[in-house]
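S.K.: Annotations per TrEMBL:
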type	residues	note
DOMAIN	4-349	domain 'Aminotransferase class V'
BINDING	ARG42	L-glutamate binding site
BINDING	ALA76, THR77, TRP102, THR152, ASP172, GLN195, ASN237, THR238	pyridoxal 5'-phosphate binding site
MOD_RES	LYS196	N6-(pyridoxal phosphate)lysine
Amino acid sequence: MSRVWNFSAGPAALPQAVLERAQREMLDWNGSGASVMEQSHRGKRFIEMAARTEADLRSLLTVSADYAVLFLQGGATQQFAQIPMNLAGDGDSADYIVSGHWSAKAVAEAAPYVQVNTAASSQKDDFLKLPPRDGWQLDPRAAYVHYTPNETIHGVEFHDIPDVGTVPLVADMSSNILSEPLDVSRFGLIYAGAQKNIGPSGLVVMIIRRDLLQRAGRPMAKIFRYAEQAANDSMLNTPNTWGWYVAGLTFQWLHAQGGLTVMAERNRAKAALLYQAIDGSDGYYSNPIELSARSRMNVRFTLHDSALDAAFLAESEAAGLMALKGHKALGGMRASLYNAVPLEAVQALTAFMQDFARRHG
Ligand code: PMP
């Protein structure tokens, strides 16, 4: 067996210990004589696992009883639409901060359901920095403010939680949830597709302040309504049982690592090492993002001559470094450094980058 160092943006690397445990438990989960995928979500074993998974997430992020935790389907993209359906009534508007590809997509998918006010955008800066806070045109009557704390494609990250007054703050944390401790009380709603820092795709984790469950929103089927999901323990229909289970294993793994303070230190060290290798390469490699907005999770870089890209990708792959190709919209390279990517992977990457630069000087 040979495992590579995996820098995929998502679906992304999972902790090897989680995969090994899932493998061990595949044929006979929890003494049931069947895999977790082969049994009822209404059964005692599954219900207990789901409850433990929620409790482990709550303790990792110190989520208070004022918040419900939901395990949903449809990916983060479906939530782009479902959030306005639930939080905005007829005629309401919502403020959106546009800082890259995913927040722009959130606007497009919300537009059929709410009057979108783009309160700030860094598009004119090619999303190389964040929209400066003093220029945000927030409306105190907005149903909510939506932003994307980490832009997976553009590689920009907010390093502070913006103060938006009393309007509920909604955050797409798909690519940075659980990467550091978080003051959940600052948010109305947090959601994340699982396939970066949590588990397999097809699962969305949502943390929603309970008062927001009271909002009537738009006319919609029960299946879309967060209050119904909360009242039914996210089991209005058959959930993604496998995803839920693997998420639970990841949460246990995070606790075993020492929790999010430890993960935050590791994530800072990993990103610092890679940015140092880029910045210290005398222009052989470069990262275009304003220093204060650089992402710890998704590190973009270009080679000084794009004619070398193909060789860089072929040789890095041969060296056991997987998925360094940047998003097709931007070109260049991108290394995603989620929780499951160890420091050794980044050390292997930076050693390869230095060696490549020497050989292709
Ligand atoms: N938001 C962000 C920040 C993402 O990185 C992604 C996926 N890369 C999405 C939303 C879309 O997620 P999904 O494919 O689960 O709908």
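Each Cβ is built from the backbone N, Cα and C atoms, and glycine gets one as well.
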S.K.: Just to verify a number: CA distance, GLN195 (pyridoxal 5'-phosphate binding site) to the residue listed as 'L-glutamate binding site', in angstrom, no decimals.
M.R.: 25
S.K.: Just to be sure I understand the packing, how many Cβ atoms besides its own are within 10 Å of the Cβ of ASN237 (pyridoxal 5'-phosphate binding site)?
M.R.: 11
S.K.: Summarise the model's confidence over the domain 'Aminotransferase class V' (4-349) as a mean pLDDT value.
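M.R.: Averaging the confidence scores along the domain 'Aminotransferase class V' (4-349) gives 98.
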S.K.: Using a 10 Å radius around its CB, how many other CB atoms surround THR152 (pyridoxal 5'-phosphate binding site)?
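M.R.: Summing over all protein chains shown, THR152 (pyridoxal 5'-phosphate binding site) has 26 other Cβ atoms within 10 Å.
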S.K.: Write out the long-range same-chain contacts of ARG42 (L-glutamate binding site), meaning residues 6 or more apart in sequence whose Cβ is under 8 Å from its Cβ.
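M.R.: Once residues fewer than 6 apart are set aside, ARG42 (L-glutamate binding site) is near MET235.
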S.K.: Could you give the Cα-Cα distance between ASN237 (pyridoxal 5'-phosphate binding site) and LYS196 (N6-(pyridoxal phosphate)lysine), in whole Å?
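M.R.: Cα-Cα, rounded: 25 Å.
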S.K.: Give me the CA-CA distance between ASP172 (pyridoxal 5'-phosphate binding site) and LYS196 (N6-(pyridoxal phosphate)lysine), in Å, as a whole number.
M.R.: 13
S.K.: If you measure every Cα to Cα pair among ALA76, THR77, TRP102, THR152, ASP172, GLN195, ASN237, THR238, the residues listed for pyridoxal 5'-phosphate, what is the largest value in Å?
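M.R.: 30 Å is the greatest Cα spacing among the residues binding pyridoxal 5'-phosphate.
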